[in-house]
Amino acid sequence: MRGSLARIARPLHLRMSDEPSSQKTPDCFHPLLPRMDVQQPSSQALETTEASEDEYSERQSFSTESTFEQNTQPHGSLTLVNGLALVISLQIGAGIFSAPSQVSQFVTAPGYGVLAWFLAGLLVWTGAASFIELGLQIPENGGVQEYLRCCYGEFMGFMFTWNWIAIRKPAAVAIIATVFADYLCHTFSGSESASRLLVKCFGVLGIAVITFMNCLGATTGAKAANVFLVLKLGTVASIILIGSFNILFIKQNGTSAAEQGWFQPDPLDGQFDGLWSWFGGFVTATFGALFCYGGWETIGFVLGDMKNPKKDLPLVSNGAMLVVIISFVLLNITLYLCLPMAIIRDNYTVVVKFAEETIGRWASYFFSIIIAISALGAVNANVFATAKLCVAASHRHYFPRILANMHCNTMKEEDEYLETVLSSVPNWCRALICGFAKRTASLRWQKKVPIFAMIMNGLIASFYVMIGSFNSLVTFIGIAEYFFWFFAVLGVFVLRRRPNPERESPTYRTWAGNPIIFAVVSGMLILRGVLSDPLQGLMIFGVGTTGLVIFYKTFGRAGFQSIN
């Protein structure tokens, strides 16, 4: 089976280039054309059971490279407990400290806000259950990209990677940077209503600082990543415990702080009159909750490093989903019990108001600092992981080869190469680019720092910070990524119906209702999200069309015929 999977995993351009060629390959190439003589990287196994969030974010990016060669490494050393902790840590991110405000803005009562968090959790649970079967049938460390490539061909794998680098990852960095800026502005200004322009500037500054540090070759390391993880989990747990103590022993009312009650709409709030309008708002709120549940799809990356995946993978997935759903629902119930609905809606730094109400103003500064630090750590993990993902995509010829330093064979050839390629640009621009390349040459060639990829992603993320808002970016990400999740879970039925005598009989089959429910609900969310904000749908369509053109120019018609 490993032999067949290795064949499946090989990219189309490598399979097409198996035949020998009599042409001599030049030393340097145009940065946008495929290059076939570069040695492809292989995946690397984690060397410790103490896997951190930073390590696994990096692993996700490197895992896309694992399909160039047959994976001959044995299963890793992740135990059931290790895998459970890892998936939980990847799902609980900094967004949970601002998303309750976004969700509350698009529901008419606190009860519907809690319902949005609960239903979003159930939805991703059905998706995660479907991914268990896909992961056991396609045990390559490529996650969703490999599921799509195996089920639908090279084109879908390319489009997923294109979407991930152009939309999902940089937009997520922009959201996390906004969370960092919101809480940082409160720390220094003492005000929850800081200018949005100031918040955006601080968000861009945070991305710039982290990108610059990573360009110098600095990373937080496993110990620092574990600290960020403890900060996030500790903050979530402390909110639930402090709020519960306040409700039981101080307020002693056990009712929602919203005057209208749990499911009674606010009579003064007429923005969602009518069922269709209410459903549109609820879909937008659900996208906010789904963003916070993000990380459930990483179950495919965990698979390759588990000691006993066939036995432990279902337990890891189901156990992690149960813990995260309960945590998110309890956290939001606590906020609604301790704060009025109007306060939650008006403050993205909702934890600040919670701390002031339950403990005192000094606690609001403490929570602001803790959340700002943990958010900055999440920005760092995502910036580094996205750059590595760009490098992997360049090795697959999905992106320009210069992002992976594949435009030349050696550092010495780069000066002449740049002079030739940039011969038509103005002298001052050519001198600026060549000077930057010369100053960063040792980092890029000797330390293998993907500087060009980091700068590109930093610019895209900064662009999203400046033009977007928390609400719009959450919906933007949701529509883009759930389009691919929709096709990925339907891959369960594709593999079940596709005859393959070399593939072992599946040892785990998810309930058929799981992928059906996920696909139907995801389709409804995507459709209603596009109708609610047609401009976002148009932007995503434009990004997809651009990817389609690039794929056709790179792989030709044969690329659309490659179904593995």
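Heads up, the Cβ atoms here are built off N, Cα and C, so glycines get one too.
What you see is a predicted model, and the numbers here were worked out from it, not measured in a lab.
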- Message: Between the candidate ranges 154-174, 511-531, where does TrEMBL place the transmembrane segment annotation?
- Response: 511-531
- Task: Mark yes when the transmembrane segment (473-495) and the transmembrane segment (275-303) have three or more Cβ pairs under 8 Å (sequence separation 6 or more) and no when they do not.
- Result: yes
- Counting only pairs at least 6 apart in sequence, do the transmembrane segment (511-531) and the transmembrane segment (111-132) share 3+ Cβ pairs under 8 Å? yes
- Answer yes if the transmembrane segment (78-99) and the transmembrane segment (197-217) have at least three CB pairs under 8 Å among residue pairs 6 or more apart in sequence, and no otherwise. no
- Query: What same-chain residues lie close to the transmembrane segment (473-495): Cβ under 8 Å, and 6 or more beyond its ends?
  - Reply: 99, 102, 126-127, 130-131, 133-134, 137-138, 144, 147-148, 150-152, 156, 159-160, 163, 167-168, 171-172, 174-175, 178, 284, 287-288, 290-291, 294, 297, 464, 510, 514-515, 518-519, 522-523, 525-526, 529-530, 532-533, 536-537, 539-540, 543
- Message: How about long-range neighbours of the transmembrane segment (111-132): same chain, 6 or more residues beyond its ends, C-beta under 8 Å?
- Response: 100, 103-104, 144, 147, 256, 261-263, 282, 285-286, 288-290, 293, 296-297, 299-300, 313-314, 317-318, 321, 324-325, 328-329, 332-333, 336, 485, 488-489, 492, 508, 510-511, 513-515, 517-518, 521-522
- Item | Range from 197-217, 229-250, 315-344 with most C-beta pairs under 8 A to the transmembrane segment (364-391) | 197-217
